[in-house]
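Lifted from TrEMBL, the feature list:
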- Lys84: active site, charge relay system (ACT_SITE)
- Ser159: active site, charge relay system (ACT_SITE)
- Ser183: active site, acyl-ester intermediate (ACT_SITE)
- 27-477: domain 'Amidase' (DOMAIN)
Amino acid sequence: MSTTELVKESASEMARQLRAKEISSRELVQAQLDVIEAAEPSIDAFLHVSADQALEQADAIDKRLAAGETEGMSELAGVPIAIKDMIVTKGIPTTAASRILEGWVPPYDATVIEKIKAAGLPILGKTNLDEFAQGSSTEHSAYKSTHNPWDTERVPGGSGGGSASAVAAFEAPLALGTDTGGSIRQPGALTGTVGVKPTYGGVSRFGAIAMASSLDQIGPVSRSVLDSALLQELIGGYDRRDSTSIPKPVPPLAAAAREGMKRDLKGMKVGLVKELGGEGYQPGVEARFNEGVRLLEDMGAEVVEVSCPHFPYALAAYYIIMPSEVSSNLARYDGMRYGMRVMPPEGVERTAANMMSATREAGFGDEVKRRIILGIYALSAGYYDAWYGSAQKVRTLIIRDFEQAFEKADVLVSPTSPTTAFKFGDKMDDPLAMYLNDVATIPANMAGSPAMSIPAGLSDDGLPVGFQFFAPQMRDEVMYKPAAALEAALQEQWGGPVFKDLKAPWLDGLTNGSAK
Ligand code: GLN
């Protein structure tokens with residue numbers, strides 16, 4: 001199989017070829033490194049490529065596979081993965097795409113990274129993001145903007161645009177992201193990839209750089225629903241090092257996805273969220289979404305409309321709670337402990353406080369500073385109840401909306417993002433327009449419940465549209481079944497995955513290259 005054919009396969013197909021000894025992990029990793037080299041000049045998804053470590057890990061896995069020592073290994077053993085640079089990796093620079101962490105090489109691994117290493121997945125490198133995961137386009141990275149493989153003049157979404165673009169551009173079959181308000185799902189929608197935000201507490205946050213701790217969650221990015229299921233099973237589970245980790249086993253996600261592929265949804269009730277659609281949603285997005293709903297119906301699901309009357313307030317409440325937590329979490333970047341230190345300018349007294357402000361002034365970008373200022377304001381004495389207190393009440397109402405909706409339906413659906421990918425610069429001068437990207441994704445973070453985005457096809461502009469599923473807390477398997485069913489039905493219509501329509505000129509030079 002040529003490099004070009006191999007890297008377009010799903011992670012589970014790569015895993016099958018590995019187990020059948022048709023390819024080795026080293027060959028697979030090398031093929032992905034070749035694509036990364038060819039694609040990066042036009043995509044810019046990676047902040048750091050850890051080629052040597054990845055090849056070393058691949059060799060170790062090949063040895064274990066050859067010796068039949070597969071104990072503790074995942075079904076995905078040998079398949080490489082890219083990691084959002086918001087997740088701490090021992091010995092590999094970790095920056096959160098911020099200048100303030102430039103040059104920091106962590107002395108420890110996040111829990112999810114420990115699990116990935118133990119399961120035998122070589123790490124290709126660290127992917128770009130909006131600084132400290134704050135944004136919806138990846139343009140707020142302090143280092144560079146990532147391009148959307150479907151149209152390199154456009155953004156890939158954010159904050160996890162690097163992970164989404166890496167997977168969409170065939171640079172990696174799998175990636176990890178973090179989702180605080182939609183940073184896995186919205187880039188998933190804009191790049192045609194599958195992106196999952198697991199139940200809050202379902203995947204350990206230990207070693208995920210904190211943005212807004214009550215909302216942050218690590219989750220998978222892939223090109224198929226089954227691949228995300230396998231990856232979430234691998235990274236999920238209780239961790240005593242995360243105080244909000246839920247002491248329950250990971251639900252049977254891959255089994256649910258495989259069940260879904262049979263395309264029989266009889267007995268399942270699908271709730272259409274009335275408030276997530278209509279005004280502000282691009283017609284091409286609504287058209288693909290409605291077609292998806294009809295396919296679910298064709299497979300036997302009963303579609304009902306549900307109302308979540310407080311969802312329209314989710315975005316406003318999020319922009320109180322999130323910055324409040326950001327201002328507190330980012331207080332640790334003080335020039336003392338890690339990363340950058342800037343001494344006060346000539347003539348200014350060399351005190352610790354002056355060093356801290358000089359460091360934070362130079363180290364943080366404008367969007368991060370905006371949120372720190374908003375958060376400090378929302379938490380200040382006299383305003384605390386009016387702002388933070390009210391936002392927390394809205395949060396409770398959103399949780400109740402979900403509870404009531406799940407009495408009427410097993411799974412809820414909506415478009416993932418109101419629009420397809422926009423052009424660089426389009427929303428940079430208008431923070432509110434940027435924030436509105438997340439109207440449909442934020443409710444799940446506010447409630448701590450799981451949600452995922454899968455590709456629903458291309459809009460009239462030729463750009464991918466995302467279809468979102470929501471499930472009840474710790475019932476992540478409930479969304480994997482209809483998601484896999486819809487994916488299978490759509491792929492039958494298209495005659496293959498959505499990516500068959502992606503022109504990937506960076507692969508052209510590799511066509512003759514062979515991974516044996
Ligand atoms: N785009 C949202 C924000 O800017 C979501 C961020 C995220 O999920 N990390 O806050």
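From the backbone N, Cα and C atoms, a Cβ is placed for every residue, glycine too.
TrEMBL entries are annotated by machine, without manual review.
Keep in mind that what you see is a predicted model, and the values were worked out from it rather than measured.
Taking a Cβ cut-off of under 6 Å from any atom of ligand 1, the active-site residues Lys84, Ser159, Ser183 reduce to Ser159, Ser183. According to DSSP, Lys84 (active site, charge relay system) is assigned to a strand segment.
Ser183 (active site, acyl-ester intermediate) falls within neither a helix nor a strand when secondary structure is assigned with DSSP, and so counts as coil.
Geometry remark: Lys84 (active site, charge relay system) versus Ser159 (active site, charge relay system), CA distance 10 Å. Between the CA atoms of Ser159 (active site, charge relay system) and Ser183 (active site, acyl-ester intermediate) there is a gap of 5 Å, rounded to the nearest whole number. Ser183 (active site, acyl-ester intermediate) is surrounded by 36 other CB atoms, counting those within 10 A of its CB over all protein chains shown.
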